[in-house]
Amino acid sequence: MKSTLSLTLCVISLLLTLFLAALDIVIVVTLYDTIGIKFHDFGNIGWLVTGYALSNAVFMLLWGRLAEILGTKECLMISVIVFEIGSLISALSNSMATLISGRVVAGFGGSGIESLAFVVGTSIVRENHRGIMITALAISYVIAEGVGPFIGGAFNEHLSWRWCFYINLPIGAFAFIILAFCNTSGEPHQKMWLPSKIKKIMNYDYGELLKASFWKNTFEVLVFKLDMVGIILSSAGFTLLMLGLSFGGNNFPWNSGIIICFFTVGPILLLLFCAYDFHFLSLSGLHYDNKRIKPLLTWNIASNCGIFTSSITGFLSCFAYELQSAYLVQLYQLVFKKKPTLASIHLWELSIPAMIATMAIAYLNSKYGIIKPAIVFGVLCGIVGSGLFTLINGELSQSIGYSILPGIAFGSIFQATLLSSQVQITSDDPDFQNKFIEVTAFNSFAKSLGFAFGGNMGAMIFTASLKNQMRSSQLNIPQFTSVETLLAYSTEHYDGPQSSLSKFINTAIHDVFYCALGCYALSFFFGIFTSSKKTTISAKKQQ
């Protein structure tokens, strides 16, 4: 039985690491205008979120496999280090390409933090308490969602946008130290975990690096244990799709050869990934280290209806939430010309309802074990709320009122879909621990992919809508070759939210909101087919 102190330290470390990853996702929302104008590249500004979220998503499954081999604590600490390196690159960048590269590295580390924090958190408590643990982690996530843009806006206005990335360094270091000394398994030998690891590193025979056998073994581990072929195929496929969405209509015409190539080769690579993992590795009968080779994503996990439907519902919810949260801030920055700090306060209109929803769902789940009703309730709130969200016109009371239901929808779905996936794995399964890690990683992968596509799709819809309106307008303003120069002009010549140019920007933002409505409408069809399984509750609670 884990001691109270050990459990408390473990939970604190998980809350800090997850807060760190969530903070980095949303802190850049208020930087769109500043960085887009500074680097003269508003067309690719969506990659501030997408660059992070894409690498966050595609490597989520890899961290799950690494955790099976190296251990969850070790991988969680490594992911924090990688995340810090990415944050430092972003803070020191002097071009959009370098900044996006830093975001990609940070996303790689963040994927380990997000997936493994939930794995550790939900595995150190009983099944009927998982909802409470997910709530604690989700609240940490939601708080970061709320304060992140506010902190980003304050740094952007009073210091520099670079401090939005520097802030991750001390927080990450503090989380790393606590994690290094906390016990995530309850086993006594972990108390001396850090000194033993340092000693092992110091005493390692680095002469092995010069031997062919070392590199042969490394290659075999990468291919057979980590499924590097599957990682390359899936990450390349998703990246090409994202590049097509980002460059289409901005850098290249939609009917250009390179865009067609992106949208052709990308899906082909994803199909090859599915064929390799689901068919070739499963039927080949290959063995490594006396064990059957297991693909990164097994067909048993991906084809499980309960896991698939809940993960897709989570994907669509995160897709919609990214569109709504990012462009709610943009509405107040670009149309009403509020400072980044004041504009970011409006995110609390979504975050507070989401926080309340996660706590309510956790209570109901721990008491009654229900999951599916929370998902269905969430998607219905998402449909109605997203419809109201498209009516926001800048009035404070209206903005607050119309944000309640979308916030509740996100909070309900984010938590309940993870629980719905996890209950598909029974505790008496002989391979329970590994399957539990895989299912949690797959669910987190789907949600991160939703954030990635949401950020990219939002930028694409916004720029395309604005360009189409300007092309058919009769405004007496200079001709602009890019959206970023147009937005810079609107800032320098701002003449109120009712001006023709502000109305064009307002319409483009609302087109993004309509896309969020479509996501929730689609999520309804997956939500109603999620599993009806409940979490196990103790006999004492049932009485």
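Placement of Cβ uses the backbone N, Cα and C atoms for every residue, glycine included.
Keep in mind that what you see is a predicted model, and the values were worked out from it rather than measured.
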Hey, in Swiss-Prot are F224 and Y332 both on the same membrane side? no
Cβ-Cβ under 8 Å with the transmembrane segment (228-248): same-chain residues at least 6 beyond its ends: 43-44, 46-47, 50, 54-55, 57-59, 61-62, 222, 254, 258-259, 262-263, 265-270, 272-273, 276-277, 295-297, 449, 452-453, 456-457, 459-460
Could you give the mean pLDDT over the topological domain 'Cytoplasmic' (421-443), rounded to a whole number? 76
So which of 9-29, 80-100, 104-124, 163-183 has the most C-beta pairs under 8 Å when paired with the transmembrane segment (132-152)? 9-29
The topological domain 'Extracellular' (395-399): which same-chain residues, six or more beyond its ends, come within Cβ distance under 8 Å? 328, 346, 349
Near the transmembrane segment (80-100), which same-chain residues lie under 8 Å Cβ to Cβ, leaving out any that are not at least 6 residues past its ends? 17, 20-21, 24, 35, 39, 41, 44, 47-48, 51, 106-110, 112-113, 162-163, 165-166, 168-169, 172-173, 175-176, 179
